[in-house]
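Q: One structure follows; several queries about it will come next.
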Amino acid sequence: MTGQGTPFVSLDDFEQHAMRNLDRNALDYYRSGAQDMITLKENQRAFDRVFIRPRVLRDVSTVALSTSILGEQIASPICIAPTAMQRMAHPDGELATARAAKRKSTCMVLSSWSTTRIEDIGDGVKWLQLYVYKDREATRRLIERAQDSGYTAIALTVDTPYLGRRLADIRNRFRLPPHLTMANFADTGKAQVGKAEATSAADNASGLAAYVASQIDPTLNWSHVEWVKSVARIPVLVKGILTAEDAVLAVNAGVDGIIVSNHGGRQLDTVPATIDVLEEVCRAVDGRVEVFLDGGVRRGTDVFKALALGARAVFLGRPVLWALNYNGEDGVVEMLNMINEELRLAMALAGCVSVADITRNHVKVPGQPRL
Ligand SMILES: Cc1cc2nc3c(=O)[nH]c(=O)nc-3n(C[C@H](O)[C@H](O)[C@H](O)COP(=O)(O)O)c2cc1C
Ligand SMILES: CCCCC(=O)C(=O)O
C-alpha cells in the first residue's frame, strides 16, 4: 500500500491481490462457499439493504472505538474469526495474525485446526475455537491446553457436524500441503489432510471433507455443549446460531455468549445472511448473554450496522487471510487499520462518539422500520 503502486483503498483490494498471488488449492479453499454460494454472496449483499439514519450536530471531534467483550477490554469491536490452516496464506500463519491482533489490542480466535500450536501463540486477548472430536479425550485436552496457555474463552462451533459441500475443493481434491500440519494434533498421527488414502470418498474428493468425516463427531447435540461447559473453567460461546429458537436453547444451556454465524457461507447454502437474523437472535437473548456476528463484514459501515442491530462486536474471517497473504503481520495490521478508520468515520458521520452511542434507531432495515 505504501509502495509505488496504487494504494489499497478497501478490504476488497486485499482480496484482489490474493487472487493474483495465492495458489489455486489455497485460494479456492479460502474463498469458496458451499454449493452455489448463495449464502456467501448474501452475507455481503444483505448489509447493502440496511441503511444508516445519521444524527447531526453532535460534536464528533473525538470518536472512541474501545469496548469490552466478556469483560475484557479491547480497542475496537472488530475482532478476528477462527480460520483454519493460515500457513497456506503466509509462512508465519497464525503467529503473524496473533501478533497483529495484539498490536491492535483486539481479540483473535484461534482455529483448533491451526497450522500453529495452541501453546505457540503469544499473549493478547485470545479465544480457542473448538470442534467436538470423536476422540473426546483429545477434545478435553484441547480445552485444558487453551486454559493453560492463557486463552480466555472457548468458541464451540456448532454448525459443522459434517463439512459443507464446497465444489472447488472437490474439483481440486483439496489437500494441506505436505510441509504443513494440523499442529494441535501433531502427536496423534492425525495431522495430515488429504493424504492419498483419505481422498478416496466417492462422493467428495475434498481431502478436508474426508478429514472432517474421520475426526468430527456428527452426533453433536446440546449434551456436548453441557459437556464442554462442565470441562471448561473459562467462558464458553456457541458459534453458528441462526435462529431465535436455538438462541434460547443456548442461553438455557448456560453458554456465556453466542456468535451469529453461517460459517462464512461455507456450510449449509441458502441459509440467510447473518445480518438478517441478528436482530431475531438478540431479541430472543434479551441481553442475557453477549451476541456477536461474523460473515461478510467488509466495511466500517457494516460494523456500524451490526452494532446497531445488537452485536457486541464482529469478527472478520477471509479479510485476515488476504491481508496475511499480502504482507504477514504488517498486512493484517494494515487491513485492521483500514476497517477501523472506516468505522471511526462512519460513527462520526452518523453522530456517534462511542460504540455505546450506536442504537437501533441508527439503522433502517427493510420491512422492519422500528423507531
Ligand atoms: C478458510 C476458512 C477457514 C475457516 N475455518 C474455520 C474453523 O476452523 N473453525 C470455525 O469455527 N470457523 C471457521 N471458518 C469460519 C469463520 O470463523 C467465520 O465464520 C467466517 O469466515 C466469517 O465470514 P467472512 O469470511 O465472510 O468474514 C473458516 C472460514 C474460512 C473462510
Ligand atoms: C471443519 C472444517 C475446518 C475448517 C473450516 O471450518 C472451514 O473450512 O470452513
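The backbone N, Cα and C atoms fix where each Cβ goes, glycine too.
Sequence annotations record features per position, and here TrEMBL assigns domain 'FMN hydroxy acid dehydrogenase' to 3-368. Feature annotation from TrEMBL assigns glyoxylate binding site to Y29, Y131, R166, H263, R266. The FMN binding site annotation in TrEMBL covers 82-84, S111, Q129, T157, K239, S261, 294-298, 317-318. Taken from TrEMBL, the feature active site, proton acceptor applies to H263.
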Q: On the 0 to 100 pLDDT scale, where does the domain 'FMN hydroxy acid dehydrogenase' (3-368) sit on average?
A: 96
Q: Given the binding-site residues Q129, Y131, H263, return the subset with CB under 6 A from an atom of ligand 1, ordered by sequence, or none if empty.
A: Q129, H263
Q: Measure from the Cα of D294 (FMN binding site) to the Cα of every one of the binding-site residues Y29, Y131, R166, H263, R266, then give the nearest.
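A: Nearest listed residue in space: H263.
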Q: Where the criterion is a Cβ under 6 Å from an atom of ligand 2, which of the binding-site residues R166, K239, D294, G296, R318 meet it?
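A: Correct list: empty, so none.
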Q: Nearest to P82 (FMN binding site) by Cα, among R166, H263, R266 (binding-site residues)?
A: H263
Q: Tally every other Cβ atom lying within 10 Å of the Cβ atom of K239 (FMN binding site).
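A: Taking every protein chain into account, the count is 26.
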Q: Hey, of the binding-site residues listed (R266, R298, R318), which one tops the CB count within 10 A?
A: R266
Q: Given the binding-site residues A84, Q129, K239, G296, R298, which one's Cα is the least distant from that of R166 (glyoxylate binding site)?
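A: Nearest in space to R166 (glyoxylate binding site), counting only the binding-site residues, is A84.
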Q: Between Q129 (FMN binding site) and H263 (glyoxylate binding site), what is the CA-CA distance rounded to a whole number of Å?
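A: Their Cα atoms are separated by 12 Å.
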Q: If you run the three-state DSSP split on K239 (FMN binding site), which class comes out?
A: strand
Q: Relative to the Cβ position of R166 (glyoxylate binding site), how many further Cβ atoms are located within 10 Å?
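A: The answer is 26.
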